[in-house]
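Chemist: Okay, here's the structure, questions in a sec.
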Amino acid sequence: MVKVYAPASSANMSVGFDVLGAAVIPVDGALLGDVVTVEAAETFGLNNLGRFADKLPSEPRENIVYQCWERFCQELGKQIPVAMTLEKNMPIGSGLGSSACSVVAALMAMNEHCGKPLNDTRLLALMGELEGRISGSIHYDNVAPCFLGGMQLMIEENDIISQQVPGFDEWLWVLAYPGIKVSTAEARAILPAQYRRQDCIAHGRHLAGFIHACYSRQPELAAKLMKDVIAEPYRERLLPGFRQARQAVAEIGAVASGISGSGPTLFALCDKPDTAQRVADWLGKNYLQNQEGFVHICRLDTAGARVLEN
């Protein structure tokens with residue numbers, strides 16, 4: 001039996017639309033992510049468990065874990081009879097890389113079960129392909145950090161899909177999921193087809209400056225440059241209370257904040273534990289909309305997806 005855990009991730013990080021993402025783990029030791037178990041069997045079977053299992057498609061072939069198994073078998077050119085279990089702990093359409101968690105855990109578990117026939121680059125390419133079936137286009141800003149850990153910059157040149165960018169140990173990521181769903185496809189459809197020249201220049205300056213600040217170890221500058229002129233101005237209308245929440249967390253002391261992925265989760269970066277706690281408390285009282293919502297104080301998950309049992 002192989003059991004694999006794949007962590008939540010926060011894509012875009014305001015400054016890097018479709019090209020930056022960070023894997024996260026709660027500071028209290030809770031596992032914020034999906035778990036997939038693979039065992040040898042006579043025929044294929046899939047069982048769904050976990051807090052959000054009831055939100056999965058009722059038709060097994062529509063389940064992304066089934067599609068991962070099918071695509072992995074196709075890649076190897078043979079049927080691999082296994083019993084798979086998906087522990088769906090991540091809310092769907094949350095902006096926390098929920099589909100990436102399932103895809104990464106499923107493909108990594110299959111690869112481990114079969115003795116690692118695929119290298120990490122090929123596996124990551126498959127992960128992007130499968131996650132793209134849900135989001136509507138192939139992009140790696142959730143699957144890469146989820147699989148490899150840390151903060152990842154998408155490269156997609158010279159057979160390199162992504163590479164790690166150094167993060168800051170003192171940064172705490174407060175993630176507030178309000179409990180409502182925003183579909184990635186809908187959030188992409190709301191974006192303009194063309195952008196003004198000054199927005200393109202500002203975006204390039206912010207992203208280049210952010211990467212420079214990470215490598216030159218300037219956390220204050222990096223946080224200041226986490227601005228979004230590409231997606232947030234258009235997407236915030238999909239997120240009730242988002243603008244007020246951003247203003248409130250800034251007043252409390254967050255050094256940066258924005259939409260995690262395509263939302264509705266809000267991320268707030270803090271450089272002090274007491275500030276992070278106050279931000280988390282405010283968001284818990286004011287940004288959450290129902291019982292399914294939650295707030296976690298997290299750090300970068302530098303390990304990425306990992307085998308829990310083998």
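Cβ coordinates come from backbone N, Cα and C, glycine included.
Relevant sequence annotations retrieved from Swiss-Prot are reproduced here:
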type	residues	note
BINDING	P91, I92, G93, S94, G95, L96, G97, S98, S99, A100, C101	ATP binding site
Chemist: Which residues does G93 (ATP binding site) neighbour through Cβ under 8 Å, counting only same-chain ones at least six apart?
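Modeler: Once residues fewer than 6 apart are set aside, G93 (ATP binding site) is near K181, V182, S183, T184.
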Chemist: Under 8 Å between C-beta atoms and at least six apart in sequence, can you list the same-chain neighbours of G95 (ATP binding site), or say none if there are none?
Modeler: S10, A11, Y177, V182, I259, S260, G261, S262, G263, P264, T265
Chemist: Can you check what DSSP calls S99 (ATP binding site), collapsed to helix, strand or coil?
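Modeler: Its secondary structure by DSSP: helix.
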Chemist: Do you know which of the binding-site residues P91, G97 has the most other C-beta atoms within 10 angstroms of its C-beta?
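Modeler: That would be G97, with the highest Cβ count within 10 Å.
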